[in-house]
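Read through the structure below, which is laid out as structure tokens, and then see the notes.
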Amino acid sequence: MERGSCSAPGDPGHLGLFLQRLRQVFDACDGDADGFIKVEHFVALGLQFAQGDEVKKLAKRLDPNAQGRIGFKDFCHGVLAMKGCDKFVKGILGVTGTAPQHYEAPYTPYYYQSPETIEGPFLDTESSYSDSEFFAYEDGLTLSHRDAQHESDLDSAMYSTPSSEASDEGRNEDKAGGLGSLYLPGEQNLLKPSAGSGFSTHSTASLISNEEQFEDYGEGEDIDYSPGSPCPDDESRTNALSDLGSSVPSSAGQTPRKARLMYNTDLLDIYCTQCSKKITLLNDLEARLKNLKANSPNRKISSTAFGRQLLHNSNLSSSNGSTEDLFRDSIDSCENDITEKVSFLEKKVTELENDNLTNGDVKNKLKHENIHLVHRVHELEEFLRDQETKSEQVLDEESKRHRETYSKLAREKGTEIVLLSARVQELQEENEDLLTSLTRLKSHTVRIDEERQRVWDKLEDTSLRLKDETDLYKRLMDKLRQNRLHFQKEREATQELIEDLRRELDHLQIYKLECERSGRGPPSGLTELNVKSREVELEQEIRRLKQDNQKLRDQNDDLNGQILSLSLYEAKSLFSTQTKAQSLAAEIDSASKDELMEALKEQEEINYRLRQYMDKIILAILDHNPSILEIKN
């Protein structure tokens, strides 16, 4: 089973270890212990160890549905999908959602990979590289720690027997399946050149130090962290995991000649962006190796490696061998690796040259298109200048026409404003005159209203008095009518009585004459006495009736006098009202036409009432006492 392949976690033991460590990382990120990691909390933790864009990309891969939180199943799904184990995730975890981009290329050593294999992890997963470093830090495993474990295994492989060599290789495969499975295939490949590029063929001491240069950094000073160097915390963890033993002096490793020749070529200036990224990554690896060598002066070999060396030496001495043969074999294997790496780099340079030629053709095509576009731009610029010239001419003509129109309108508006100003001044003068007349008319109206109110009050008083006098006149007329009827009845009764007395007197006279003629009547003395007594009674009755008649006449005269006096008083009041009305003639000049017409109607009504009243008085006098109207000398 190859290291770094997706089938590595398929072993139940490896799968359990892998999921257990993923669970430890998930629990470390789950601060609330509710079974979910908030994306904000995850990004905040990631910003402490990586750049913001990389952390955001990683969070987007772990939370593809943008739910705002990451469950353990999604967490495992994202990590395994980044490792290229999407099919394995669907089979084991039962995840059915759409997974991020994955890598299914089988694992091959760095020096034996094809260009297509390298382009995947080196170019397409740059953000995943930093994201995987974040997960490795959470799990306590960093790049430096992995390099230390890898170099420790190399020491065991070179200084042990063939049987121990096989066992160590199996143990390394277990580590790759369990611990190294947190990385993408490309990221695991990035670690191998660091170990292999440090070998040299100069001396045996340099070979030993190059083999052990990634195992432990000793007690030297901490180096500054940079994107191309391991984190100091990872170095401290490596120091804690390794046992302190005897130190072995280190020597600087050598970068392959073919790579350095490629870096110094003049063709780097015309490489495309994809090639520049590849070369930058190689330069970064070389800088990291140099930085590790420069900042680790006191590297120590681990106690395990030192024990293996002693055991290997004892086995070799017992078998009449020497360590130099082992060193020679190791050097041969390293030379083979370097040769393979150089051949791979030559192949890569050839591909880059082909890409450069292709890019040259594309560049020529783009130049021709650019020339065509430049000519087109020049034509459009000429057209634009012509349009600008025409537009300026049209603008000048329109501006001139608008200025003339504006001046004409300004003159017309000026003349209109002068006329309107004169009209406004005239209206203001008329308004002032009207205000003066209005004030005078208001005062005159107030005075007329007061006079009218006084006349109206007097008219109401006169009307009340006239009504009272009319009532009194009606009562007196009723009483006079009753007296006339009573007097008429008494007069008729008196006339009847007188007629009766006359008839009786005539009858008595006739009876007396007959008695005297016949001589047969009663005695004359008695008859005369009866006649005399009867005459006396009649005379008394006549006097009484005369007195009553005289009294009635006196009462009638009194009533006529009262009626006349009342009529005269009413006439005087009407004449006084007419006089007062005539006193208003002085105000005719200041009164309006409507007021004059109303006053004239009132005067005519008063005159009509006076005529009717005079006619009534004359008729009453003619009926009751015509002697009043007689003209006496």
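Glycine too: its Cβ is placed from the backbone N, Cα and C atoms.
There are 9 other Cβ atoms within 10 Å of the Cβ belonging to D34 (Ca(2+) 1 binding site). Residues annotated as Ca(2+) 1 binding site in Swiss-Prot, with a curator's inference given as evidence: D30, D32, D34.
Mapped onto three states, the DSSP output places D63 (Ca(2+) 2 binding site) in coil. Its own atom aside, the Cβ of D63 (Ca(2+) 2 binding site) has 20 Cβ atoms within 10 angstroms in the protein chains shown. According to Swiss-Prot, the feature Ca(2+) 2 binding site maps to D63, N65, R69, D74, an assignment based on a curator's inference.
Per Swiss-Prot, the feature coiled coil maps to 410-613; the stated evidence is sequence analysis.
Annotation source Swiss-Prot lists compositional bias 'Polar residues' at 238-254.
Across the domain 'EF-hand 1' (17-52), the model assigns an average pLDDT of 80. Under the heading domain 'EF-hand 1', Swiss-Prot lists 17-52.
Sequence annotations record features per position, and here Swiss-Prot assigns domain 'EF-hand 2' to 50-85 based on sequence analysis.
Swiss-Prot lists 570-632 with the feature domain 'FIP-RBD'.
The region 'Disordered' feature in Swiss-Prot is assigned to 152-182 (among others).
Feature annotation from Swiss-Prot assigns region 'Disordered' to 218-257 (among others).
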> Reported as an integer number of Å, what is the Cα distance between R69 (Ca(2+) 2 binding site) and D30 (Ca(2+) 1 binding site)?
Replying inline: 10
> Helix, strand or coil at D74 (Ca(2+) 2 binding site), per DSSP?
Replying inline: helix
>> Using other CB atoms within 10 angstroms as the count, which residue among the binding-site residues D30, D32, D74 scores least?
In response: D32
>> In whole Å, how far does the CA atom of D74 (Ca(2+) 2 binding site) lie from that of D30 (Ca(2+) 1 binding site)?
In response: 14
>> Tell me the Cα distance separating N65 (Ca(2+) 2 binding site) from D32 (Ca(2+) 1 binding site), rounded to the nearest angstrom.
In response: 22
> Per DSSP, how many helix, strand and coil residues does the domain 'EF-hand 1' (17-52) have?
Replying inline: 22 helix, 3 strand, 11 coil
> Cβ within 8 Å of the Ca(2+) 2 site's Cβ centroid: which residues qualify beyond D63, N65, R69, D74?
Replying inline: V39, L62, P64, A66, Q67, G68, I70, G71
